[in-house]
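> So TrEMBL has the following annotated:
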- 6-303: domain 'Acyltransferase 3' (DOMAIN)
- 12-30: transmembrane segment (TRANSMEM)
- 50-67: transmembrane segment (TRANSMEM)
- 74-94: transmembrane segment (TRANSMEM)
- 100-121: transmembrane segment (TRANSMEM)
- 141-158: transmembrane segment (TRANSMEM)
- 164-181: transmembrane segment (TRANSMEM)
- 193-212: transmembrane segment (TRANSMEM)
- 224-243: transmembrane segment (TRANSMEM)
- 250-268: transmembrane segment (TRANSMEM)
- 288-308: transmembrane segment (TRANSMEM)
Amino acid sequence: MKRESNIELLRLLCMFLIIVNHMLGHGVLLDPIVAGGPMELICYDIGSSIWMPAALVFILISGYFSIHPTMKGIARFAFVCTFYLVMSGLMGGIKSVSLFFKTCCILSSATGLWFISAYFYLYCLSPMLNAYMNTLSVRNFRKYILVFLLFEIGIGWVMESQTYNHVILMMLIYSIGYYLGHSNDEWIQRITVKKCILVWLLPTAVLFSSQYFHLGRPFSNLSYTNPFILLQAVMILLIFTKWKMPYRCGINYLAKSALMVYLVTSNVHTRDYFAEMVQFCYTSLNGILLLLVLILLFVCLFFGLLLLDKLVAKIYNPLFNVLIQWKK
C-alpha cells in the first residue's frame, strides 16, 4: 500500500505528542518540587486525555499499511536503534561496562524503551499475523478482534495487571489497524469524519473527567488497555484516513525519522537532559509565557531531531551497508 501523506502527517503528530508526554512526565510530574502547582496538574490532565492514544495510533498506522519485513529490514532496524543507543550511552559516560551493554541492547528493559523492543518483536511476527488475517472473512475478522480485545481489556484494564505483555497488546492494535486498512467493512466506508470526531469527543471527555475529578483507578485511567483510549485511537486514525490530502514528499520524508526521535529523547541515557530543559522552563517562567516557551521548545526539539536524523543517517547508512557486504 502506497504511503499516504495524510497518514504520515498523523504519524508525525503522534510521535510529537508522545515526546511531549514523556518530557512533561519525566520533567514535571516525577519531580514533587516542580509539580507542586495545581495548574500544572490540570494542564496535564487536559493533555493526557488527548495524547494518551498517540502510541496506539502509531501501531494502528503500521497495521493499516501492514508491515512487510525482510531480513535486511529487520537487521537495519536493530542496527540503527543500537547505533543511537551506543552514541547516547557514550555521550552520557560509561559508569559500568555491563550496565552500558544492557542499556544499549534494544531487547533489554534497561534501555527504558519498552516501545522499541515490543515493536521489534511485532516487526518479526508480522508475517505470521498478515498470513493469518488474510485468510479471515470480514465476519471472522470481527470475531477475532473482539475475542482478542476482550482478553486484553480484561487482563490489562479490569484486572489492572501491570505485567501484561506489551507485544500481545501491539499484536492486537496491529490487527485492528490491519482490519481498518484491508477489510471491506461497509461500516468503515459509511462513517463520516463528523461522526468520527463526535465519537472521539466522548471518550476524551470521560478520560479528562476521570483524571480531573480523580474517578476510577489511577493505573487503569491511563492504561493503554483502557477501552476509552482504544476507541480514541481508532477514531483518530479513521479521521485522518477519510481526510485526503495531496501527496507531500516532505511529510513522507520526515515521517521516516519519527521513531528515531522517540529513541533519542526517551532512552535511559538522554531522557534526563530533556527533562531538565522542561524543569528549567517551569522554575524560570510562569503563565502564558511558560506555555509559549514550552510549545516553542517542543516544536524546535522535535523538528530539529528529525533533521538531525537525516544528517546522522549519512553515517549509519554507510556503516550498515559495509556490515551487510562484510557478512556476505
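Any Cβ shown, glycine's included, is placed from N, Cα and C.
Automatic prediction, not curation, is the source of TrEMBL annotations.
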> Determine which residues of the chain contact the transmembrane segment (50-67) at the Cβ level, with the cut-off under 8 Å and only residues 6 or more beyond its ends counted.
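Tertiary neighbours of the transmembrane segment (50-67) are 1, 3, 7, 10-11, 13-15, 17-18, 20-21, 115, 119, 122-123, 126, 130, 170, 173-182, 204, 207, 222, 224, 229-230, 232-234, 236-237, 241, 258.
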> Assess whether the transmembrane segment (12-30) lies in contact with the transmembrane segment (100-121), where contact requires at least three Cβ pairs under 8 Å among residues 6 or more apart in sequence.
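The answer is no, given that the two segments have fewer than 3 Cβ pairs within the 8 Å cut-off.
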> Considering only Cβ pairs under 8 Å, which range in 74-94, 100-121, 141-158, 250-268 makes the most contacts with the transmembrane segment (224-243)?
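It is 141-158, which has the most Cβ pairs under 8 Å.
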> Restricting to the domain 'Acyltransferase 3' (6-303), what is the model's mean pLDDT?
85
> Other than its close neighbours in sequence, what residues sit by the transmembrane segment (250-268), given a CB gap under 8 Å and a spacing of at least six beyond its ends?
3, 5, 8-9, 11-12, 14-15, 18-19, 22-23, 58, 80-81, 84-85, 88, 103, 110-113, 115-116, 119, 274, 301-303, 305-306, 309-310, 313
